[in-house]
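Participant: The pyridoxal 5'-phosphate binding site annotation in TrEMBL covers 75. What TrEMBL lists as substrate binding site is 97, 98, 105. Among the features that TrEMBL reports, tRNA binding site is placed at 271, 398, 463. For 284, the entry in TrEMBL reads N6-(pyridoxal phosphate)lysine.
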């Protein structure tokens, strides 16, 4: 209520009570005012009531919620289900206009304001996370793969003759298919094995540039966050190489915002060379539902060019924006949270190392991967050919999600490209292994339960393996 309504309320309820309520309201409004003034992530998390008040007041600014509104067009924010309308806080129009997702929508002042604030808050978060020189970003209502494709399609207008994208191999389908979807030919560069780690083969990338010709290469498509034993690409060296040959550089930073190391690599890469855009997922970094990403870069004009490449407006854009504003307010992006994540990573590493030793395995040495860990499964492989994949099934049925079990020799064909040793980022990694990650939202309880259930599963499989190898008493009598 505004000040006039509070005064009128004093005629109905005791003025002292009304003033108390008015002061409480001003507390919420003060937080909202700070957000509007600064456009930065709150230093302290908002309560859900503040978030809901803010979103409801934004919704009132959209024409579909005007009292007495008479819509006679084809795009009037009509929603058949009240449940769907409430799910989106009645922010039905979304944002943008046909041909420009960044444009202000005249029918949706509230949604447009939410969009601008969301992008401003996200830019602040990227800077706080380590990429201090980032110039611009925007939230896009697509997951990481399609957002990467949007970047490649934008670069096509700058390099119309280019047909190749150089891609240091990472076995994740969506980032590979993003290049195919955009109409380009991926040039897969195999990684090199350094101890247990799979690292960028910089010499092979350089050879491909010379072989194909820089003018025929759309960009280098590198990766930061990845599953061990692969480690983040050598961004500084790749960025310098791209600057030397005048080749664009797009970074897949899918879940790297939560890692100070990944963000530092991007900042350093931009400092010493060239990074045109880097893309990160909303769900993997901000614990919101799947379906949104952040496209960011160091040249505001190029990021604006990407946003204008998005075809049309987005009716569903309000959903990722609402989720992101709510999550960043409740779960403030702070150095303390990142410190907790690093601490749990250390606990997970220590527990996996202890468990691996107890089962005759070892924790693979991958110090350059700040999120993911890998434990060898050589002994399990020796018990039977199917034991490794069976472990993955056992963990899933025991409600351990996210753990990846990687057998030897798996082959996968994606859009006509054959990947040998698929999921291991290498044609011939020397051992099968299990992945686990310390990602945002993980708790110490998650680690403890995972280790307990993994231990039971390994014991059960080894017991089965021994039983299969031992002749039965009846078979001995027959002998």
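Glycine is treated like the rest: Cβ placed from N, Cα and C.
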Participant: Using Cα coordinates, what distance in whole Å links residue 97 (substrate binding site) and residue 463 (tRNA binding site)?
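Facilitator: Cα-Cα distance, residue 97 (substrate binding site) to residue 463 (tRNA binding site): 63 Å.
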Participant: How many other Cβ atoms sit within 10 Å of the Cβ of residue 463 (tRNA binding site)?
Facilitator: 11
Participant: Measuring Cα to Cα, how far is residue 284 (N6-(pyridoxal phosphate)lysine) from residue 398 (tRNA binding site) in Å?
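Facilitator: Distance (Cα to Cα, whole Å): 23 Å.
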Participant: Write out the long-range same-chain contacts of residue 75 (pyridoxal 5'-phosphate binding site), meaning residues 6 or more apart in sequence whose Cβ is under 8 Å from its Cβ.
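Facilitator: Spatial neighbours, sequence-distant, of residue 75 (pyridoxal 5'-phosphate binding site): 93, 107.
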Participant: Would you give the longest CA-CA distance, in whole angstrom, between residues of 271, 398, 463, the set recorded as binding tRNA?
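Facilitator: In whole numbers, the farthest two Cα atoms are 55 Å apart.
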Participant: How many whole Å apart are the CA atoms of residue 105 (substrate binding site) and residue 271 (tRNA binding site)?
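Facilitator: Given the Cα positions, residue 105 (substrate binding site) is 36 Å from residue 271 (tRNA binding site).
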Participant: For residue 271 (tRNA binding site), which residues of its chain lie six or more apart in sequence with Cβ-Cβ distance below 8 Å?
Facilitator: 133
Participant: What same-chain residues, at least 6 away in sequence, bring their CB to under 8 Å of the CB of residue 398 (tRNA binding site)?
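Facilitator: Looking at Cβ-Cβ distances below 8 Å from residue 398 (tRNA binding site), excluding near sequence neighbours, one finds 453, 456, 457.
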Participant: Starting from the Cβ of residue 105 (substrate binding site), draw a 10 Å sphere and report how many other Cβ atoms land inside it.
Facilitator: 22
Participant: Other Cβ atoms within 10 Å is the metric here; tell me which of the recorded positions 97, 284 scores highest.
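Facilitator: Top count of Cβ atoms within 10 Å goes to 284.
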